[in-house]
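A.B. asks: What follows is a single structure, and I will ask about it in a moment.
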Amino acid sequence: MIEPIGNQYVVARPVYSANAFGEEHKKKQRHHKTLLDHLKKLCRCSAQKAKNIAFSLFPIASWLPAYRIKEWLLSDIVSGISTGLVAVLQGLAFALLVTIPPGYGLYAAFFPVIIYFFLGTSRHISVGPFPVLSMMVGAVVVRLTPTDSAADSTFANSSMTNDSSIDEQKVIVAATVTMLSGIIQLLMGVLRLGFVVIYLSESLISGFTTAAAIHVVVSQLKFMFQLTVPAHTDPFSLFKVLESVFSQIEKTNIADLVTSLVILVVVFVVKELNQRYKAKLPVPIPIELIVTVIATGVSYGFDFKTRFNVAVIGEMKPGFQAPVTPSRQTFQDTIGDSFGIAIVGFAVAFSVASVYSLKYDYPIDGNQELIALGASNIFGGSFKGFAASTSLSRSGVQESTGGKTQIAGLLSAIIVLIVVAIGFLLEPLQKSVLAALALGNLKGMLMQFVEIRRLWRKDKYDCLIWVMTFIFAVVLGLGLGLAASVAFQLLTIVFRTQFPKCSTLANVGRSNIYKNRKDYSEIYEPEGVKIFRCPSPIYFANISFFKQKLIDAIGFRPLRILRKRNKALKKIRKMQKKGLLQVTPKGFICTVDGFKDSDEELDNDKIEELDQPINTTDLPFQIDWNANLPLNIVVPKINLHSLILDFSAVSFLDVSSMRGLKTILQEFIRIQVDVYIAGTDDDFIEKLTRCEFFDDEVKDSIFFLTIHDAVLHILMKKDYSTSKFNPSQEVEAKSDDFTISTNGGLRNRECQVPIETKF
């Protein structure tokens with residue numbers, strides 16, 4: 001019963017052990033679904049189920065009929081035009097990261113958007129090229145295609161060795177990797193494996209994208225300086241590229257360098273103005289479009305290609321090319337890279353989509369997102385595009401310019417389509433301009449460095465994940481770096497559970513609240529009672545750590561006490577047998593000054609025997625181990641009679657740790673320390689029962705609902721023991737029953753020794 005009294009409450013109920021609560025409140029018999037039950041439900045067919053499946057596979061069917069033309073259409077048109085212009089420039093720029101001709105970047109900015117329009121669940125993200133994925137695809141392209149005039153062994157059927165054939169090979173490799181990553185995403189979506197994104201934490205994604213931004217910066221240096229830099233894909237490739245760049249620095253094309261620096265400064269300044277005055281500007285200033293138009297006009301008008309020997313985009317064929325057949329050998333060679341690309345692409349897209357879904361209050365489906373992205377990449381790769389996800393900056397433009405639905409994305413694809421038709425106008429554009437535009441989109445990724453300090457204050461493990469992910473991705477490359485980062489993140493989870501922050505609890509405020517005794521000054525601890533809390537699962541890897549922390553908390557090793565008591569008991573039996581302990585009207589008298597075992601007798605003390613429970617049934621008296629024992633018998637005294645283990649935060653216990661836990665409980669029980677476990681759920685106890693955890697020593701009555709229940713049970717138990725001892729009969733007992741010996745260590749078995757408990 002709970003009675004509210006102002007801002008306080010009074011609870012009146014019995015002290016419950018787990019067994020007592022189960023007897024008073026019977027559990028309902030629940031039917032747990034079997035695999036067959038799930039299969040029956042999955043195979044059951046109905047009109048409503050078919051409708052739900054159709055809506056889930058084609059989300060456009062749910063939101064397009066409800067489209068508000070008067071309210072949303074104009075905003076979507078403005079947003080689509082703005083996003084389309086940014087998508088064009090980013091597609092051209094990010095194609096350089098893939099090391100393929102820039103024109104193919106328009107394919108990657110067009111086809112995925114069309115497919116996502118029908119299959120995607122997010123209304124605000126802009127699907128298309130993403131610099132991190134472009135770098136990852138580019139690393140595969142460099143590894144599998146020739147870097148000189150020699151034909152690549154992967155394409156044995158090709159005899160052409162000129163630059164155009166090499167570019168074609170690169171395009172086929174990029175398209176094949178994209179298709180394979182799309183197939184992986186599609187299969188994961190069909191198998192409902194969208195939950196895998198939870199294994200990529202925000203700290204890992206942040207550190208990985210920041211490292212990828214560093215790779216992007218380094219990879220664009222060769223275009224800004226117009227240097228011939230050999231491609232590297234092995235670990236430490238970033239440093240090898242830097243070494244190659246600085247070793248050729250005297251060959252820098254000044255025109256390309258000046259152009260790229262001017263554009264970088266202009267883009268950064270205008271983007272900062274857009275951010276600062278975004279509330280006052282109707283739409284962000286399209287600085288990328290402006291500088292592209294100006295740079296193209298200047299390069300064409302002054303004939304930069306001839307006069308300054310700058311590198312330009314070159315021929316851009318109008319229209320789209322026919323679909324390409326993927327390379328089977330490339331499929332086999334890039335399965336690992338494609339899996340990493342699939343996971344990173346989905347993780348980035350889903351994280352950005354989640355932000356907008358929370359902001360505008362609409363649901364997104366992770367599994368459907370996998371299907372949408374997978375189909376987009378399969379379709380885009382078929383038409384010689386490269387891997388698509390979403391760009392943070394491009395999605396920000398689509399949302400900030402008023403985009404309401406994926407109608408804006410469809411219109412942005414139309415803008416890309418128009419540019420494909422008139423792409424020849426961009427042929428004079430310098431590649432250094434595209435490199436500068438690519439770097440201009442990295443500000444948000446590079447600024448994540450400032451989050452390290454804040455992350456350190458929040459959670460040191462997350463900060464460590466960020467730093468190690470960044471180091472792995474920079475040093476090992478994006479592919480190996482991602483794998484190493486995921487492995488390290490999982491390792492931190494192991495460390496968190498393997499070395500939990502255990503604590504000793506005490507009562508605070510004389511209530512049913514128990515907190516870490518180190519955090520509060522006014523605490524109350526029942527005398528002879530220790531409360532120990534473990535805040536993590538207990539399994540094979542941390543059971544030893546748990547035991548050591550428990551020993552540190554109580555201040556002694558129960559097994560050592562047990563062995564010393566068994567050795568002492570052996571000596572007492574020998575002394576009694578040899579007549580060295582005599583019963584007198586005054587008690588038990590030790591008739592010798594000393595008693596020592598021979599070396600042979602000491603060697604015969606087997607560890608197995610010393611670890612057994614203490615058995616004094618053959619003695620006419622019981623032993624008070626905390627009193628003064630006969631001469632030459634030294635046993636450490638302990639001031640603990642009850643131990644409470646708070647397992648409210650222990651989510652599971654494996655079979656290996658069960659044996660270790662049972663050994664710990666037995667050691668305490670055998671030295672007459674009662675052990676209680678509080679806060680476990682019913683499944684925990686049921687599992688112990690199934691594994692035959694309980695026996696004559698460790699019983700199922702040790703479980704209590706709460707810590708306070710266990711404490712009250714201990715206090716009542718000690719009060720009951722004390723009440724059985726009548727002080728008025730103490731003198732008579734001394735003379736008649738020989739209850740206490742002269743040394744105070746041996747007591748008559750019929751006497752109950754009181755233990756005073758203060759609380």
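Placed from the backbone N, Cα and C atoms, the Cβ positions cover glycine too.
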A.B. asks: Any idea which of 208-225, 370-387 is down as transmembrane segment in TrEMBL?
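C.D. replies: Of 208-225, 370-387, TrEMBL gives transmembrane segment for 370-387.
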A.B. asks: What parts of the chain pack near the transmembrane segment (171-200), using Cβ distances under 8 Å and only residues at least 6 beyond its ends?
C.D. replies: 98, 100-101, 104, 137-138, 140-141, 144-145, 154-155, 324, 326-327, 330-331, 334-335, 337-339, 341-347, 350-351, 365-388, 486, 489-490
A.B. asks: If we call contact 3 or more Cβ pairs under 8 Å (sequence gap 6 or more), are the transmembrane segment (407-426) and the transmembrane segment (104-120) touching?
C.D. replies: yes
A.B. asks: Against which stretches of its own chain does the transmembrane segment (338-358) lie, if we need a Cβ under 8 Å and a gap of at least six residues from its ends?
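C.D. replies: Sequence-remote neighbours of the transmembrane segment (338-358) are 121-125, 127, 130, 132-133, 136-137, 177-178, 180-182, 184-185, 188, 194, 196-197, 200, 202, 205, 208-209, 364, 366, 369-370, 373-374, 377, 387-390, 392, 395, 399, 478-479, 482-483.
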A.B. asks: Do we see three or more Cβ pairs under 8 Å linking the transmembrane segment (104-120) and the transmembrane segment (370-387), pairs being at least 6 apart in sequence?
C.D. replies: yes
A.B. asks: Among 77-98, 127-145, 464-495, point out the range having the most Cβ pairs under 8 angstroms from the transmembrane segment (370-387).
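C.D. replies: That would be 127-145.
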A.B. asks: I need to check the long-range neighbours of the transmembrane segment (127-145): which residues 6 or more away from its ends have a CB within less than 8 Å of a CB in the stretch?
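C.D. replies: For the transmembrane segment (127-145), the list is 87, 90-91, 94-95, 97-100, 105, 108-109, 112-113, 116, 120, 152, 154, 166, 169-170, 173-174, 177-178, 208-209, 212-213, 215-216, 219, 231-233, 330, 333-334, 337, 340-341, 344-345, 348-349, 373, 376, 386-391, 394, 409, 438, 441-442, 445, 477-479.
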